[in-house]
Amino acid sequence: MSGDMNGIWVFAEQRGGELHEVSLELLGKARELADEAGKKVTAILLGHDIRSLSQLLLNHGADSVLVGDDPRLKTYRLIPYARVMASLVHTYDPEILLMGATYMGVELAPRVAAKVRTGLSAHCIDLRLGEKGQLLQVVPGWGGGVIATIACPDHRPQMATVMPGIMKALSAIEREDTVKEIEIDLPEKGLGPEVLEVKREKPDQLPLEKAEVVVAGGWGIGSQEDWKMIESLAELFGGSVGATRPPVDEGWAEEGQMIGQSGKTVRPKLYIGIGISGVMHHVVGMDQSEHIITINSDPDAEIFDTSDVIVVEDFRKVVPKLIDEIRARLKK
Ligand SMILES: Cc1cc2nc3c(=O)[nH]c(=O)nc-3n(C[C@H](O)[C@H](O)[C@H](O)COP(=O)(O)OP(=O)(O)OC[C@H]3O[C@@H](n4cnc5c(N)ncnc54)[C@H](O)[C@@H]3O)c2cc1C
């Protein structure tokens with residue numbers, strides 16, 4: 001059995017019994033690579049009362065699922081998750097291990113890589129197979145000036161993280177295959193903090209990746225007070241609010257609203273970017289949007305190179321008028 005499970009692994013991230021979409025996206029890529037290399041795809045599912053998610057993983061491209069179901073894995077904690085993952089890697093010896101570059105993945109992947117003494121390419125934008133079947137991991141570097149292709153020839157597994165939204169999930173096909181339960185062997189002590197209660201804040205906007213309209217603001221917005229204009233505009237469009245890094249650092253927006261290399265990748269029907277310069281770190285997360293409108297007071301702003309419609313103006317002169325106009329039309 002383990003012979004079938006030493007091909008391409010995808011860490012199937014779930015929280016509270018909900019599978020993160022990046023897991024299905026990674027399965028889509030893993031399936032493509034596995035078919036090319038003649039290997040099998042295995043999804044690794046850890047948590048508690050999560051067995052039912054296995055079918056979804058099989059339907060989206062996994063040949064088999066290794067399920068670690070244990071109350072101690074109910075809520076994600078770095079130490080037990082990393083121990084279990086490292087022990088599975090030692091037992092099954094996979095060729096490739098892929099994880100989402102999510103809050104969980106960016107913490108867990110390096111810990112697992114260090115434990116099993118292999119390399120890790122973080123925030124890959126593409127994955128391919130080389131001539132000898134090794135994984136070629138494509139990563140933007142040096143502020144986007146260089147696209148580096150990284151290989152890990154001497155150590156296994158070859159590990160990579162990929163941000164949500166970059167790979168495409170396969171359409172679901174009803175499939176029956178192997179689901180194998182693994183035994184969780186963890187010590188009683190030394191597992192880090194015990195989680196007593198998990199409170200999830202109800203999101204008051206559609207997840208950015210699902211929104212058809214994204215209104216994103218940048219450092220040019222200048223204040224928390226003016227940030228409300230971005231929120232009002234997004235609300236009028238029935239869309240979601242995105243941000244560059246500076247508004248997140250300032251606390252105008254939340255971490256989960258950041259778009260770009262270290263944030264989310266969005267592909268809405270309409271992206272409106274306001275007070276954003278267009279640095280590559282942000283652009284890689286939005287340049288696949290169907291229509292892009294940007295407002296910037298600097299006529300040479302880089303973001304204009306990626307835009308379909310540009311408005312060279314102080315946003316304070318444009319956005320309030322736009323809001324009034326939309327409100328007026330909605331009333332008609
Ligand atoms: C490793 C790494 C990862 C990163 N990851 C990300 C990421 O995922 N996402 C991200 O966004 N950033 C990321 N960054 C930060 C990134 O490099 C930039 O610093 C950031 O994107 C710039 O944000 P900005 O365009 O809002 O600000 P700025 O570059 O300061 O641009 C502000 C713009 O607002 C315009 N402006 C000012 N006033 C007005 C006005 N009144 N009306 C209209 N326009 C106005 C200006 O002309 C300017 O173009 C990362 C950086 C590093 C090093």
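Going from the start of the chain as shown, residues are counted 1 onward.
Any Cβ shown, glycine's included, is placed from N, Cα and C.
In TrEMBL this protein carries:
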{"type": "DOMAIN", "residues": "8-200", "note": "domain 'Electron transfer flavoprotein alpha/beta-subunit N-terminal'"}
{"type": "BINDING", "residues": "T244, R245, G275, I276, S277, G278, V279, M280, H281, H282, N296", "note": "FAD binding site"}
Mean of pLDDT values spanning the domain 'Electron transfer flavoprotein alpha/beta-subunit N-terminal' (8-200): 92
Whole-number Å value of the largest CA-CA distance among T244, R245, G275, I276, S277, G278, V279, M280, H281, H282, N296, listed as FAD-binding: 18
Sparsest Cβ surroundings (other CB atoms within 10 Å) among the binding-site residues T244, N296: N296
G275, S277, V279, H281 as binding-site residues, winner by CB count within 10 A: G275
